[in-house]
Amino acid sequence: MTESRPKRDRPTVVQCPTCGKSVEWTEASKWRPFCSERCRLIDLGAWASEEYQVPGSNGDAGTPSDDEPQH
Ligand SMILES: [Zn+2]
């Protein structure tokens, strides 16, 4: 493992998932990864408005088994 992280005053910049604006990943960016509270709420709202479906739980019960009872 080589941990050669260049220590420069260059904070990580992410993009706001909502509007795509560059957001510096610092403590100053209170709403990271979003650029603002507004974008955060928008994203959360979009997520919550989607129909929450649990994948994999289709009504797949009742598979007939051809196992004959042994005597
Ligand atoms: Zn944004």
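Cβ from N, Cα, C; glycine included.
Per TrEMBL, the feature Zn(2+) binding site maps to CYS16, CYS19, CYS35, CYS39. Residues annotated as region 'Disordered' in TrEMBL: 52-71.
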Residues flanking the Zn(2+) site, with Cβ no more than 8 Å from the Cβ centroid of CYS16, CYS19, CYS35, CYS39 and excluding those residues themselves:
GLN15, PRO17, THR18, GLY20, LYS21, VAL23, PHE34, SER36, ARG38
Mind checking which of CYS19, CYS39 has the fewest other CB atoms within 10 A of its CB? They're the binding-site residues.
CYS19
